[in-house]
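Trainee: Structure provided below as structure tokens; questions to follow.
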Amino acid sequence: MSDILVLNGPNLNLLGTRQPEVYGSTTLAMIEDACRDRAQTLRYTVTCVQSNHEGELIDAIHAARGRHVGIIINAGAYTHSSIALMDAIASVEIPTVEVHLSNIHAREEFRHRSYIAPVSLGQICGFGATGYLLAMEALAVHLSKGAA
Ligand code: CA2
């Protein structure tokens, strides 16, 4: 088993179409392609899921058990509100890296709190689409330590 789940939450399907000054001009499809390429270099595969619905994100996390060795998640605005997503990540015990395109700590106060952070290996934010690739590298290093 060497598949990584790349999970994107609400409104991230709009990437590259609106608010490029905040979220960049890269589309989600471009980010997913870049993740696939980087994963291949690291000898992993990826499965990409995007949903605007909290329950669907939770279902994808539950279904990750036995299918995925790691999770990279940008939970979008649910990051700041969803105890249910936090509980789902904690329950599956799969190494998870949190990603945000923008630097959530340099934005409005309500974005500073993340419910995903306490159940993640770490958080990468503020580097745009590159953050997903950094997360992939971090996950691969973590997984290789477990394999040693
Ligand atoms: O910086 C990030 O990646 C965020 O997770 C993006 C979320 C925001 O609520 C978080 O605080 C930080 C918002 C995603 C909205 O994406 C859009 C993309 C294009 C146009 C409009 C929204």
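Each Cβ is built from the backbone N, Cα and C atoms, and glycine gets one as well.
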Trainee: With Asn74, His80, Asp87, Leu101, Ser102 listed by TrEMBL as binding substrate, identify the candidate in Arg65, Arg111 belonging to that site.
Mentor: Arg111
Trainee: In angstrom units, rounded to an integer, how far apart are the Cα atoms of His100 (active site, proton donor) and Asn74 (substrate binding site)?
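Mentor: With the alpha carbons as reference points, the distance is 6 Å.
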Trainee: Of Arg18, His100, Arg111, which of the recorded positions has the most Cβ neighbours inside 10 Å?
Mentor: His100
